[in-house]
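If you look up Swiss-Prot, you'll see HIS20 marked as active site, proton donor. Under the heading substrate binding site, Swiss-Prot lists ASP28, HIS106, TYR128, ALA129, ASN130.
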Amino acid sequence: MKKGTVLNSDISSVISRLGHTDTLVVCDAGLPIPKSTTRIDMALTQGVPSFMQVLGVVTNEMQVEAVIIAEEIKQHNPQLHETLLTHLEQLQKHQGNTIEIRYTTHEQFKQQTAGSQAVIRSGECSPYANIILCAGVTF
């Protein structure tokens with residue numbers, strides 16, 4: 001369910017069409033995107049825009065009730081993992097709900113992206129900078 005404004009028309013459109021429990025992926029520059037899934041490519045060059053910049057814009061617009069993250073981020077990108085957890089804590093406070101955090105293997109994560117409404121690709125070039133956002137409702 002859409003809750004704000006965003007300039008990118010593709011992102012705005014996909015968020016406005018999300019129903020309860022639909023999913024949307026924000027990923028790094030290297031995640032393979034299934035051909036059957038809508039790709040919204042924001043990457044300009046390495047690191048631009050960053051994963052957290054894209055995620056911040058998307059979560060400002062989207063009501064989130066759960067997220068799925070690859071377990072490997074804890075070991076291979078601990079700094080981003082901590083930044084991500086802090087962002088999710090702040091988002092919970094802003095939205096007034098609890099966001100369930102689910103971990104899975106990176107292989108299972110890649111398989112789950114096929115069921116998403118879209119994959120938004122950032123320019124991030126650090127390992128496991130990927131998240132599946134599960135849409136909530138604002139009421």
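Including glycine, each Cβ sits where the backbone N, Cα and C put it.
Model, not experiment: these values are computed from the prediction.
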For substrate, what surrounds ASP28, HIS106, TYR128, ALA129, ASN130 with a Cβ no more than 8 Å from their Cβ centroid? CYS27, GLY30, LEU31, PHE51, ALA70, GLU72, ILE73, ASN77, PHE109, GLU124, SER126, PRO127
Among HIS20, HIS106, all listed as recorded positions, which has the most CB atoms within 10 Å of its CB? HIS106
List the Cα distance (Å, whole number) between HIS106 (substrate binding site) and HIS20 (active site, proton donor). 24
Tell me the Cα distance separating the residue listed as 'active site, proton donor' from ALA129 (substrate binding site), rounded to the nearest angstrom. 24
Record lists ASP28, HIS106, TYR128, ALA129, ASN130 as binding substrate; longest Cα-Cα distance in Å? 13
With every protein chain in view, what's the tally of Cβ atoms within 10 Å of the Cβ of ASN130 (substrate binding site), excluding that atom itself? 25
Rounded to the nearest Å, what's the C-alpha distance separating ASN130 (substrate binding site) and HIS20 (active site, proton donor)? Just drop the number here, would you? 21
Let me know how many other Cβ atoms fall within 10 Å of the Cβ of ASP28 (substrate binding site). 23
